Amino acid sequence: MEVGTVRSLQETPTWALATVCFFFIAVSIFLERLINLLSTRLKNNRKKSLLEAVENLKSVLMVLGFMSLMLNVTEGEVSKICIPIKYANRMLPCRKTIKSHDDVSKDDDDDDDHDNSFFHQCSSKGKSSLISQEGLTQLSFFFCVLACMHILCNLAILLLGMAKMRKWESWEKETQTVEYLAANDQNRFRITRDTTFARRHLSSWTETSIQLWIKCFFRQFFNSVAKVDYLTLRHGFIFAHVSSNNAFNFQNYIQRSLHEDFKTVVGISPLMWLTVVIFMLLDVYGWRVYFYMSFVPLIIVLVIGTKLEMIVAKMAVTIKENNSVIRGTPLVEPNDTHFWFSNPRILIRILHYTLFLNTFEMAFFLWVTWQFGINSCYHDNREIIITRLVLAVTVQFLSSYITLPLYAIVTQMGSSYKRAILEEQLANVLRQWQGIVREKRKTNQTQETDNNGNNNNGDFDSGESPQSEVAYDFRFSGRQPPILQEIPIQEQTER
C-alpha cells in the first residue's frame with residue numbers, strides 16, 4: 001500500500017484495531033459504572049430528588065446518543081440526497097467561503113476523493129448534496145459537545161447553589177439559641193418600621209413601583225438573601241405551613257426543595273430541541289442571530305432575580321400597611337398571588353429554558369472552535385465573540401449563585417408546600433425513633449425477665465409494625481418524642 005493513502009479496516013493492523021476498541025470500551029464501561037455508583041450512593045442516602053435528576057440526565061444522554069448513532073449510520077444515504085445548486089447557496093452561515101460550481105468542478109478534477117466525500121454523484125448532475133458526510137460527522141460532534149456542556153453546566157448550577165446556601169446553616173443554628181428566642185419574643189411589641197426587616201426594604205425608594213423595581217434590580221447583585229430576610233421568611237413559612245414550633249429545620253427543607261427543582265432543570269424538553277433547530281435555521285451569515293440571542297438569557301435572569309426581590313419587598317410593604325405595631329418577628333403571609341399568574345412554578349420553567357439557551361450558546365462556541373478553528377468565518381468578528389462568551393459565563397454564574405438560591409427560598413412563600421419533602425423528613429425521623437423504641441423495649445424486657453422470672457410483660461408479636469411500636473411507647477409514656485416535635489405537619493395543599 002502506498003504511503004498516505006486511506007486504509008479501510010481490511011487493511012488496518014489487528015493490533016491497532018484492538019487497541020482502539022479496548023480504549024473506547026474501557027472508557028464507556030468506566031463512565032457507566034461511575035453513574036451507577038452515583039445512583040447507588042444517592043439511593044442509600046435517600047436522596048430521591050437527586051436520584052431522579054440523575055435518571056433524567058441519563059435519559060438526555062441517551063437521546064443525544066441515539067442522535068449521534070443515527071447520524072453515523074445514515075450519513076451515507078443522507079449525503080446522496082441531491083438538491084439544486086441555487087437552493088444549496090441560500091441561507092449560508094459563511095458566505096465568504098462559498099465556491100462557485102465551476103470552481104468545485106475544477107477541484108473535483110484535481111481530487112477524486114473530494115467528490116466521493118462531499119458531492120458524490122450529485123456534482124455530475126449539476127446539483128449539490130443536501131449535506132455531506134463530513135457535515136454529518138461534524139453535526140454528530142456537536143451533539144457530543146452539547147451533552148458534555150449540559151452535564152458541566154448542571155453540575156455548576158448545583159455546586160454553586162449549594163455553596164451559596166452553605167452560609168444559611170449558621171443562620172438556621174442561630175434560631176435555636178436563647179439570644180434569638182429572646183430577641184423575637186412574641187410578647188414583645190415593636191413598631192413595624194423599626195424592625196430590621198422593614199428598615200432593609202422600606203425607604204424613600206419604595207414609594208413608587210418604578211423606584212421599587214430599580215432598587216430590587218440592583219439588590220440582587222449585593223446581598224441578595226440577607227440574614228434578616230432568611231429569618232423572616234422562615235418564620236412566615238413555619239407559621240403558615242408547619243406550626244409555631246421553632247425547631248423546624250428550614251434550611252434543610254430549602255436544600256431538599258432545590259434538589260427537587262434540580263431534577264427539572266437537567267431535562268431537555270421537545271420545545272428546547274425545537275429551539276435548537278430554529279437557531280440553526282437562522283444562523284445565516286450577516287444576520288448575527290447568535291449575537292442577539294446571547295442577550296436573551298441575561299435579560300431573563302435579571303428580570304427573574306428582580307421579580308424575586310420584589311416579592312420580598314412587597315411583603316415588607318404589606319406588613320407596614322396592615323400593622324403599625326407588631327409582636328415578635330414580622331409575620332409575612334405566603335400567597336401564590338405574589339408570583340406571576342399566581343403560579344410559583346412558572347419561574348423555574350422560565351429559568352430552565354433560559355439555562356438551556358445559555359448551555360446551547362456555550363456548546364456552539366466550543367464546537368465551532370474545535371471543528372473550524374478560532375479563525376473560521378464564525379469568528380470573523382472577535383469583539384462579538386468575546387462579548388458572547390462573557391455574557392454566557394456571566395449568565396451561568398448569576399443563575400447558579402444568585403437567582404436559583406434566591407428562587408429556592410422565595411418560592412416557599414407560595415400558598416402550598418412540597419408535602420413529599422416533609423414526608424421524607426418524617427420518614428427519616430420515624431426510622432430513628434423506631435430504633436430508639438426497640439432498644440428501650442429490649443432493655444425493659446430484659447429487666448422484667450430478671451426480676452419476675454417470666455416473659456408475660458415482654459411477650460411481643462414478632463410481626464408488629466414500627467408504627468405500632470411507636471404507638472405503644474406513646475400510650476405508656478403519654479408524650480410525643482422530642483425528635484418528632486421537630487416536624488409537626490399540618491394539613492395543607494400539596495404543591
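Backbone N, Cα and C define each Cβ position, glycine as well.
These numbers come from a predicted model, not from an experiment.
According to TrEMBL, the region 'Disordered' annotation covers 440-467.
Counting only same-chain residues 6+ beyond the ends of the transmembrane segment (15-35), those with a CB under 8 A from a CB of the stretch are 9, 54, 58. The annotation transmembrane segment is assigned in TrEMBL to 15-35 (among others).
Within the chain, the transmembrane segment (56-74) has long-range Cβ neighbours (under 8 A, six or more residues past its boundaries) at 35, 136-137, 139-140, 143-144, 146-147, 150-151, 154, 263, 266-268. Taken from TrEMBL, the feature transmembrane segment covers 56-74 (among others).
The transmembrane segment annotation in TrEMBL covers 139-163 (among others). Counting same-chain residues at least six beyond the ends of the transmembrane segment (139-163), those with a Cβ under 8 angstroms from any Cβ of the stretch are 57, 60-61, 64-65, 67-68, 71-72, 131, 255, 258, 262, 265-266, 268, 355, 358-360, 362-364, 366-367, 370-371, 396-397, 399-401, 404-405, 408.
Annotation comment: TrEMBL describes 262-281 (among others) as transmembrane segment. Counting same-chain residues at least six beyond the ends of the transmembrane segment (262-281), those with a Cβ under 8 angstroms from any Cβ of the stretch are 49-50, 52-53, 56-57, 59-60, 63, 91, 150, 154, 157-158, 289-290, 293, 348-349, 351-353, 355-357, 360.
The annotation transmembrane segment is assigned in TrEMBL to 287-305 (among others). When Cβ-Cβ distances below 8 Å are used as the criterion, the transmembrane segment (287-305) is approached by residues 217, 220, 224, 279, 347, 350-351, 354-355, 357-358, 361, 364, 384, 387-388, 391-392, 394-395, 398-399, 402-403, 406-407 of the same chain, each at least six residues removed from its ends.
Counting only same-chain residues 6+ beyond the ends of the transmembrane segment (350-373), those with a CB under 8 A from a CB of the stretch are 138, 141-142, 145-146, 148-150, 153, 157, 264-265, 267-268, 271-272, 275-276, 279, 290, 293-294, 296-297, 300-301, 304, 379, 385, 388-389, 392-393, 395-396, 399, 403-404, 407. Residues or ranges marked as transmembrane segment by TrEMBL: 350-373 (among others).
What TrEMBL lists as transmembrane segment is 385-410 (among others).
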